[in-house]
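Reading through the structure tokens given below for one structure.
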Amino acid sequence: MHSPSSTSFTWILITLGCLAFYASLSDAQLTPTFYDTSCPNVSNIVRDIIINELRSDPRITASILRLHFHDCFVNGCDASILLDNTTSFLTEKDALGNANSARGFPTVDRIKAAVERACPRTVSCADVLTIAAQQSVNLAGGPSWRVPLGRRDSLQAFLDLANANLPAPFFTLPQLKDAFAKVGLDRPSDLVALSGGHTFGKNQCRFIMDRLYNFSNTGLPDPTLNTTYLQTLRQQCPLNGNQSVLVDFDLRTPTVFDNKYYVNLKEQKGLIQSDQELFSSPNATDTIPLVRSFADGTQKFFNAFVEAMNRMGNITPLTGTQGEIRLNCRVVNSNSLLHDIVEVVDFVSSM
């Protein structure tokens, strides 16, 4: 049996460990080296899963990038978009900008499971999604960069905020600027570079029908739409056709992450209104030069995109003792107190 003195000493150690643990977390900042010791292979684990997913789903890289974008625009990059419905909150998956369009959730589940097997209770779902977005861009031909990490996961979802914050495909340029500025992305380069995420992936016909047939209730197509491209889109999305049919965002290189999106905008071949607004809106005096610059130089776009991604990834992140590290990205941990105790015991054991 343990003596009372040894038991007391053990609890003192645990208490000191708790204090050190929470003190270390409270000062946490996002850094690319966050998992260098605790989970050094996390990026490779994520990358390998995505490579495997691409064999059966060529759209998955674009879908994961979109998930990350829609996560960060709603209460910051906290993996709240991954949560399912509960009796306490409604899922963001049913928001107007996500319902029947956001995809890739099973892939994120598989990535998280693989990461958990390698590094239990270590890497948050928010960081898993952030790393997955970066790897997806690179696997599609885009830039590679070291992602600042150290985010924690939210304890709830924010359906109303998702409906309020997510930019819509019919937004005008002033509306786009307001939506981006609301979350701290107030530079024209943020808007133009991040919109370049539409250089790959697909969109449903239902989001462009008004542009093709009845723009602003005029009974006419959007006048900023290239007439040849208009006819191509009308063939793919007939007036009384299936509006769930998928159309490529980029008619030139639909599966490659490159700068052709901006070349398309210069030729009035942006698929959705909010894209073409960057070049054709009367208010586009500060975005047109950026579109031209990115169309002329891939590296200029890549550099601006990486900077904007890091700025977006830093929107009010949960760090330190905030939130939790979810074990299953779809649900909050069933007993957060027990989970905290396990984290503390692990920390003390490593001292």
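Just so you know, glycine gets a Cβ as well, placed from its N, Cα and C.
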Based on Swiss-Prot, name the residue from Thr199, Thr218, Thr287 that is recorded for the same Ca(2+) 2 site as Asp250, Thr253, Asp258.
Thr199
N-linked glycosylation site: annotated position in Swiss-Prot, out of Asn214, Asn314:
Asn214
From the list Cys39, Cys77, which cysteine is recorded by Swiss-Prot as disulfide-linked to Cys72?
Cys77
Among Asp71, Gly76, Asp78, Ser80, Pro167, which are recorded as binding-site residues, the nearest neighbour of Cys205 (disulfide bond) by Cα:
Pro167
Name the one residue among Thr199, Asn226, Cys237, Asn283 whose Cα is closest in three-dimensional space to that of Asp78 (Ca(2+) 1 binding site); these are the recorded positions.
Thr199
Whole-number Å distance between the CA of Asn242 (N-linked glycosylation site) and the CA of Asp250 (Ca(2+) 2 binding site)?
21
To the nearest whole angstrom, state the Cα distance for the pair Asn41 (N-linked glycosylation site) and His70 (active site, proton acceptor).
26
Counting other Cβ atoms within 10 Å, pick out the least crowded of the binding-site residues Asp71, Asp78, Asp258.
Asp258
